[in-house]
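A.B. asks: Here it is, the structure, as structure tokens.
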């Protein structure tokens with residue numbers, strides 16, 4: 001909404017600052033953080049009151065997790081609220097990319113919320129939303145968003161898979177891109193969901209990825225920078241930096257309450273939504289493959305589960321002591337802070353590697 005203050009810039013020159021994406025990104029970040037800082041305690045108290053026993057803890061999981069019993073979940077509501085407030089206040093409301101990504105984020109958030117609701121009411125981590133139905137709804141949301149992105153672009157690039165490291169190399173998938181894009185979005189959502197198993201483990205890598213894609217969005221949406229870096233220019237996607245800024249701020253606010261020992265868990269409400277958001281931004285700015293690098297930690301967590309399940313079904317043996325892989329290291333004797341901080345370091349290194357692809361052509 002503040003974007004419209006530009007209309008009064010001729011009378012009040014100071015309002016010209018609202019033309020700049022960088023200024024509005026910073027504003028969205030501060031707004032998201034302040035909202036969560038101020039409203040967080042109230043949200044946590046209400047969730048604790050309504051949930052009673054809080055998030056159910058797996059009896060077959062690491063014994064150290066039993067001390068977390070009674071901690072409320074659905075903390076993603078805090079992040080999503082800060083994200084929406086920051087975005088609505090600071091983003092250009094006429095930019096379609098903003099609303100497409102926001103629709104995916106909230107759609108995935110609703111699916112995650114329902115899953116959390118079932119787990120809390122049944123007090124069982126195994127009795128959430130049926131997997132096949134959850135994936136189906138996620139796929140429909142993601143496919144609709146990717147279809148909208150292709151229609152919005154109206155050029156071969158919008159339905160093409162761009163290959164990093166090479167100049168002007170893109171594979172036009174036609175309408176098959178809708179399915180490919182949906183796979184990326186759904187995969188990202190569930191990969192982040194699998195990562196969210198320890199206090200602070202998921203939110204910081206999500207913020208690192210959001211900061212990275214905020215930069216990529218800004219560069220891809222700027223014709224001058226895109227030409228200089230020889231990346232594909234996608235008009236209008238620069239505005240997605242504002243969403244990334246809002247997520248970064250809301251994430252910082254959430255981390256204040258999610259730091260060990262956590263006062264609240266993000267739950268599927270947050271992890272599915274934020275993963276879906278990252279996936280849809282990557283599709284919008286044509287950096288789907290780069291997402292696999294920047295979000296490599298999420299990929300590692302997802303692959304560890306796939307390998308574990310496949311190995312057990314085929315051979316009857318497990319590759320890891322427990323999956324996802326962060327639980328494997330818990331079983332090996334690593335403390336929770338060791339795992340979390342080391343995974344943060346990996347996330348930073350992968351983000352730098354992913355961003356380096358912008359210049360390596």
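Heads up, the Cβ atoms here are built off N, Cα and C, so glycines get one too.
The transmembrane segment annotation in Swiss-Prot covers 25-45, 71-91, 94-114, 133-153, 169-189, 200-220, 240-260, 264-284, 289-309, 338-358, and the record cites sequence analysis as its basis.
For each feature listed, report its degree of burial, its nearest neighbours and the pertinent distances within the displayed model.
C.D. replies: Under 8 Å from some Cβ of the transmembrane segment (25-45) lie the Cβ atoms of residues 2, 72, 75, 77-79, 81-83, 85-87, 89-91, 214, 218, 241-254, 256-257, 263-264, all in the same chain and six or more residues away from its ends.
Below 8 angstroms of C-beta separation, residues 96-97, 100-101, 103-104, 107-108, 111, 115, 159, 175, 177-186, 189-190, 234, 272, 276, 279-280, 283-284 of the same chain, each at least six residues beyond the ends of the transmembrane segment (133-153), sit close to that stretch.
Beyond the transmembrane segment (200-220), the same-chain residues lying 6 or more positions past its ends with a Cβ under 8 Å from any Cβ of the stretch are 21-22, 25, 79, 192, 226, 229, 231-234, 237-241, 244-245, 247-248, 251-252, 254-255, 258-260, 262, 266, 270-271, 274-275, 277-278, 281-282, 284-287, 290-291, 294-295, 297-298, 326, 339-340, 343-344, 347-348, 351, 354-355, 358.
Within its own chain, the transmembrane segment (264-284) is flanked in space by residues 43-44, 47, 55, 71-80, 97, 100-101, 104-109, 111-113, 115-116, 128, 138, 141-142, 145-146, 149, 181, 184-193, 195-196, 202-203, 206, 209-210, 213, 217, 234, 237, 240, 243-244, 247, 254, 257-258, 290-291, 295, 298, which lie at least six positions past its ends and keep a Cβ under 8 Å from the stretch.
Cβ atoms under 8 Å from those of the transmembrane segment (338-358) belong to residues 164-165, 198-201, 204-205, 208-209, 211-212, 215-216, 219, 229, 231, 260, 290-291, 293-297, 326, 329-330 of the same chain, restricted to positions at least 6 beyond its ends.
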A.B. asks: If I count Cβ-Cβ pairs under 8 A between the transmembrane segment (240-260) and each of 71-91, 94-114, 169-189, 289-309, which range comes out on top?
C.D. replies: 71-91
A.B. asks: Using a cut-off of under 8 Å between C-beta atoms, tell me which stretch among 71-91, 94-114, 289-309 contacts the transmembrane segment (169-189) the most.
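C.D. replies: Of the candidates 71-91, 94-114, 289-309, 289-309 scores highest.
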A.B. asks: What residues in the same chain, six or more past the boundaries of the transmembrane segment (94-114), come closer than 8 Å to it by Cβ-Cβ distance?
C.D. replies: 74, 76-77, 80, 83-84, 87, 129, 134, 137-138, 141-142, 145, 148-149, 152, 185, 189, 193, 236-237, 239-240, 242-243, 267-277, 279-281, 284
